[in-house]
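**Q** Take this structure first; my questions come after.
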Amino acid sequence: MSIIEQDSNNQQRLLIPSSSIDNDRVAKTRRSSSIATMLEPVLLIAAEEEEDDNNGETVTASRPFALSGILYGLLASFLYVTATFIVKELEFDLLDVLVVRLIVQLFLFLAFVIYHRYAVLVGSSKEKWLQFILCILTGIAFLGFFIGFRYLPLPDLTTLSFSRLIWTVLFGLLIYKEKPTIMILLSVCFTFIGVIFVAQPTFIFPQKNEMKIAFNITTATLNETNVDNMHSYSNRVIGISLALMSGLIFAFNILIFKQLITLKIKPSVLILQHSLVVLLCLILNHFYKYFFLNDITFFTLTIFQWKYWLAGLISLGQTLAVIAGNCAIKREPPSIVTIVSSVDIIYAITLQNLFTQKKSNLWVLLGSTLVVSSVVLIGLDKFMQERKIKKKKLKMATVLKTEK
């Protein structure tokens, strides 16, 4: 199959036609032009030769290494979790620190877009609407997750938000017509069960605390069920709804982002749009705290601490995580990207056990093993698929040579 035929087949699978794809010209070197290419390791690029059916000319096309998307996903999770963990240990509100990161990230991507003369809003009217919808959904998912944290414990929120794994697989089946293999289905099951074991939500794992009360010589041991008395039933319903909504929107965002990248819209432009929207959300959050809650701590105390600016510098690691995650989305189906992203829980548990007093129990270790197993299964499945494709290409090349 020629490169033109491959592009036409990919074009048929899109939700909307692309206004920026030129089918009359085929670039001899197909390589991503986003900012991530500056950070791309040379070892992850393998060159392959394809033959042009029109003039018999051999065209060298650069294609990513088979597991590069998964490796980029693992790198993104590591960078994001590490930066978040350090900021948390510095005892700063993540929403406050994100202001510094997003301002720097916004200027970096704006300079990159201006330097390369990319249009901030490009494409047909339908493509522009997709970009607008993606920005709005990004802001809603961002606010929904962090507002939900006020109504739910973190384990419950993590478990419910990871429902995006199931949504991503379902959307991939319905929209992109992805055919899940047995290993992919096993990975979905392992990841979902592993996340539950690791997060240990209170509605599945009732936790009991032993309180020893000494009175003279007698010691009474009381077993109490750990119930979150700080939240009423209505507040818990709100938190669960926000967590599920965030998971659904996040899964839909990945599909739209994948769609826009396929339509040749620059990922750096999309990240610039998202950075602007999230920064506006953070600014609105601070205005709300200042004018409605009379909380002026951020403006009178927080920004004058040197540790705050150190935390802001460390949070820039999340920007590198965004770039690495962008590379993963370009190279892998949305379902695989979502499953691989679940290893951020493993990184968090490792950092917690190494640098804090809190240690993981047996359920957490079992869940971590399941999540790691899901990533290994995906890697094996991807490697086997690449080997099959290479064998088919070798057979086709052998047949063409014998016919000549």
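Count begins at 1; order follows the chain as displayed.
Even glycines carry a Cβ here, placed using N, Cα and C.
Keep in mind it's a predicted model, so treat the numbers as computed, not measured.
According to TrEMBL, the protein carries these features:
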type	residues	note
DOMAIN	68-198	domain 'EamA'
TRANSMEM	65-86	transmembrane segment
TRANSMEM	98-118	transmembrane segment
TRANSMEM	130-151	transmembrane segment
TRANSMEM	157-176	transmembrane segment
TRANSMEM	183-205	transmembrane segment
TRANSMEM	237-257	transmembrane segment
TRANSMEM	269-288	transmembrane segment
TRANSMEM	308-329	transmembrane segment
TRANSMEM	336-355	transmembrane segment
TRANSMEM	361-380	transmembrane segment
**Q** For the transmembrane segment (336-355), find every same-chain residue at least 6 residues outside the stretch whose CB is under 8 Å from a CB in it, and list them.
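**A** Residues 69-70, 73-74, 76-78, 80-82, 85, 89, 158, 162, 164-165, 168-169, 184, 187-188, 191, 194-195, 198-199, 251, 254, 325, 328-329, 364, 367-368, 371-372, 374-375, 378, 382 contact the transmembrane segment (336-355) from elsewhere in the chain.
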**Q** Among 65-86, 130-151, 269-288, 308-329, 361-380, which stretch has the most Cβ pairs under 8 Å to the transmembrane segment (237-257)?
**A** 130-151
**Q** Flag the pair the transmembrane segment (65-86) / the transmembrane segment (361-380) as in contact if three or more Cβ pairs fall under 8 Å (sequence separation 6 or more).
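**A** Taking Cβ pairs at least 6 residues apart, the transmembrane segment (361-380) and the transmembrane segment (65-86) are in contact, with 3 or more under 8 Å.
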**Q** Give the one range among 130-151, 308-329, 361-380 whose Cβ atoms make the most pairs under 8 Å with those of the transmembrane segment (157-176).
**A** 130-151
**Q** If we skip the immediate neighbours and take only residues 6+ beyond the ends of the transmembrane segment (361-380), which ones have a Cβ under 8 Å from one of its Cβ atoms?
**A** 67, 70, 74, 183-184, 186-188, 190-191, 193-200, 205, 336, 339-340, 342-343, 345-346, 349
**Q** The transmembrane segment (130-151): which same-chain residues, six or more beyond its ends, come within Cβ distance under 8 Å?
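**A** Counting only partners 6 or more residues beyond its ends, the transmembrane segment (130-151) has Cβ contacts under 8 Å with 16, 94-95, 121, 123, 157, 161, 231, 235-236, 238-239, 242-243, 245-246, 249-250, 252-253, 256-257, 259-260, 265, 270, 273-274, 276-278, 280-281, 285.
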